[in-house]
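Undergrad: I'd like to ask you about the structure that follows.
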Ligand SMILES: *Cc1c(COP(=O)(O)O)cnc(C)c1O
């Protein structure tokens, strides 16, 4: 059975590193969306809690219910209002025209579109949104924005930050004791001065990506299904994309693209953590390689697979099937 090993110490060290950077664990909104980026929300929740995290962000209500016994504050990022919102959760307003569709009294954070143009209310419509929120008798607890290019050294980050400052001061004229947040992992790790009056929504950095002082938390293991000697000239797997020039002891392991691996087509050289090549194409439920014993580490750094597949570590991680057991090491 394939397994995902979660390194508890690494996760704790990363969180401690982040807490130190922001000054206080109460200013962190741990982003736990999509099963904590594939790491397993339920397995990490008690660890985060033990380090003082009491605020998380998730994708939808299902994820919020999954964590309701762990955290006091749960912000739902991608909610479509249905009028029966749970008073325990905090819901994002992504769209000004849907404000009246939330249940009276619902706790909300208003998202401001400062330049990403994905979700949220335009700067010029903030006052209008406030009127609608008051009319719908919603309980505004915070405002936030999201940067489109926090990981790049271009000017847009500063433009968006400036707009959010303006949004904050508009809000402060009308409401007291709201919370504000804009920084994600890469904004926090830009090594610039950080705002003192904000919370921080931290996702990928918790898991060890984005700064050299962080440690990778997740490693993915597969287990041997069978072994054989591949004779010179024989091939393994669909399409015969790999064939050996000399006799080779190979083995087939129990992890494939149905488990969330990207489908490698056998071209270009994709390597396991031990630097052995995957031989031939990845199948739905298995892959083959030189015999590496009963258990093999597929990867312990998603960046390597992300580079190979021309994507980002986020995608490699969240694709890992929720049915793969997650265990703490
Ligand atoms: C996913 C997400 C984050 C976390 O981003 P990281 O880059 O993983 O830190 C923060 N805010 C919003 C709105 C998100 O969707």
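Glycine is no exception: its Cβ is also placed from the backbone N, Cα and C atoms.
Sharing the features that TrEMBL gives for it:
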- 33: active site, proton acceptor (ACT_SITE)
- 33: N6-(pyridoxal phosphate)lysine (MOD_RES)
- 118, 284: substrate binding site (BINDING)
- 217-329: domain 'Alanine racemase C-terminal' (DOMAIN)
- 238: active site, proton acceptor (ACT_SITE)
Undergrad: According to DSSP, which of helix, strand or coil covers residue 238 (active site, proton acceptor)?
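TA: Going by the DSSP assignment, residue 238 (active site, proton acceptor) falls within a helical segment, counted as helix.
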Undergrad: Kindly report the helix/strand/coil residue split of the domain 'Alanine racemase C-terminal' (217-329) according to DSSP, in that order.
TA: 19 helix, 39 strand, 55 coil
Undergrad: What's the CA-CA gap between residue 284 (substrate binding site) and residue 33 (active site, proton acceptor) in angstrom, rounded?
TA: 26
Undergrad: Taking only same-chain residues 6+ apart in sequence, whose CB is under 8 Å from that of residue 33 (active site, proton acceptor), what do you get?
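TA: Counting only residues 6 or more apart in sequence, the Cβ neighbours of residue 33 (active site, proton acceptor) under 8 Å are 57, 58, 59, 63, 77, 203.
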Undergrad: Using a 10 Å radius around its CB, how many other CB atoms surround residue 118 (substrate binding site)?
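TA: Result for residue 118 (substrate binding site): 10 neighbouring Cβ atoms inside 10 Å.
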Undergrad: Given residue 238 (active site, proton acceptor) and residue 118 (substrate binding site), what distance in Å do their CA atoms have, once rounded to a whole number?
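TA: Cα of residue 238 (active site, proton acceptor) to Cα of residue 118 (substrate binding site) measures 41 Å after rounding.
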Undergrad: Averaged over the domain 'Alanine racemase C-terminal' (217-329), what pLDDT does the predicted model reach?
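TA: Mean per-residue confidence for the domain 'Alanine racemase C-terminal' (217-329): 97 out of 100.
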Undergrad: Within 10 Å of the Cβ of residue 284 (substrate binding site), how many other Cβ atoms are there?
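TA: Other Cβ atoms within 10 Å of residue 284 (substrate binding site): 11.
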